[in-house]
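Asker: Quick one: the structure is below, questions incoming.
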Protein chains: 2
Amino acid sequence: MRVLGVDPGLTRCGIAVVDGAVGRKVTCVQVDVVRTPVDADLAVRLLAVSDAVEEWLDRHRPDAVAVERVFSQYNVRTAMGTAQAGGVVALAAARRGLPVVFHTPSEVKAAVTGSGRADKAQVTTMITKLLGLREAPRPADAADAIAIAVCHIWRAPMRNRLAEAEARAAEMARNHKARIAAASKRKTTT
Amino acid sequence: MRVLGVDPGLTRCGIAVVDGAVGRKVTCVQVDVVRTPVDADLAVRLLAVSDAVEEWLDRHRPDAVAVERVFSQYNVRTAMGTAQAGGVVALAAARRGLPVVFHTPSEVKAAVTGSGRADKAQVTTMITKLLGLREAPRPADAADAIAIAVCHIWRAPMRNRLAEAEARAAEMARNHKARIAAASKRKTTT
C-alpha cells in the first residue's frame, strides 16, 4: 500500500510518500516540505500547495491520501489557513477518485509512539527508527508527514473492521424496520 | 464589473453573480445555493462545491471572486468545513488568474446596511431593496452571497486607494534605504 501523507500548512506543508503494510517494514519513498510566501495572497498560497500535491500524485500514484486534521483553538487565523491547505489536498485526491482520510494528531502520535500525548521529539525519534533512517527528517513537518502516512497504513485493519461493523449495523437496522413494517401491515389487514 | 460572491459552506453554500459599479445600479445575474450531503466524505463534499464553482466561473466569467471570511470560534468543526469550502473556491479562482478577496461578515454588513452589527434580516431586506427584487432571496445564504458580491463592488474604490497608498509607502521605504546605503558608502570611501 502506498500512502501520500500530508501535514497541511501554508507556511510549511509536510508531504511524504510511504510504502508499507501492517506487519511489514515501512519505507519512505520521498519526503519534502512545501513552502509558500507569507506575504502572498491566500488564494495564491493555496494554489501553490495544490500544484505541489498534484505533482506528487502524478509522480508517485499513491493508493490513498492521509491528511492531519486540524483542531487548534489557539490561533484561529493560522488554524483556518491550515484547514484550507488540508482542504485543497483532499480536493486534489477526490478529483482522482482516491480515498482521503483525516487523522487527528493524537491518532497519529498513538500509532507511531503508542501514546496519543507524545511530543514532537518522540514522534521524530520513532519515525527515524521505524524507517531505519540514518538521521531524523528535518524540519519537524517532514517527520509529521511520514508519521501521518504510517498511521494510515497501520490503522487500515481497524478502519476495515469499523466499516464492516457499520455495514452490519445498517443491515440490522434495515431488517428491523422491514419486520416492523410487516408486523404493522399484518395488524391493519387482520 | 462582474463579481462572483460566495457565502462558503458544505451543507449550504450561497453563490451569486452580481453586475455593477460604484454609484450605479447593481443587478443579480444568478443566485443559488449549492448543497452537499451531510453524510458524505469531506473530500467528496469539497469536490461538489469546487465543481459547482468551476461551472459558475465558466458560465458567467466574472472579473473577481469575493468570499466571506470565517472567524467563528463557536463550533470549530463547522468553522473548519466552512473555511475549507472557502479555500476550494479561492483555489478555483486562482487557477484562472482571477483576483480573490475575502471580506469579513462585518465588512459585508456595513457595506449593505451601514452597520457592521446588522442582523441577517436587515441584510436580506437591504439586498431585496438594492437589487429591486420582488421578493427576498431564500434561503439566507443566497442573500448573503449577493451581499458579499455587492460589498466587493462598493469597496473597490477603497481597495484601490489602499493599494496605491501601500505602493507609495513601499516606494518611500525603498528610496529611504537607497539614501542610507548611498550615505554609508560615501562615509566609507571618504
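A Cβ is built for glycine as well, from the same backbone N, Cα and C atoms used for every other residue.
Just so you know, TrEMBL annotations never went through curation; they're auto-generated.
Copied straight from TrEMBL:
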ACT_SITE  B:Asp7  active site
ACT_SITE  B:Glu68  active site
ACT_SITE  B:Asp141  active site
BINDING   B:Asp7, B:Asp141  Mg(2+) 1 binding site
BINDING   B:Glu68  Mg(2+) 2 binding site
Asker: Roughly how many angstrom lie between the C-alpha atoms of B:Asp7 (active site) and B:Glu68 (active site)?
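Answerer: Cα of B:Asp7 (active site) to Cα of B:Glu68 (active site) measures 5 Å after rounding.
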Asker: For B:Asp7 (active site), what is the tally of other C-beta atoms lying within 10 angstroms of its C-beta?
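Answerer: Result for B:Asp7 (active site): 28 other Cβ atoms within 10 Å.
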Asker: Which ones in the same chain are close to B:Glu68 (active site), with CB under 8 Å and 6+ residues apart in sequence?
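Answerer: Long-range Cβ contacts: B:Val6, B:Asp7, B:Pro8, B:Gly86, B:Phe102, B:His103, B:Thr104, B:Pro105, B:Val108, B:Asp144, B:Ile148.
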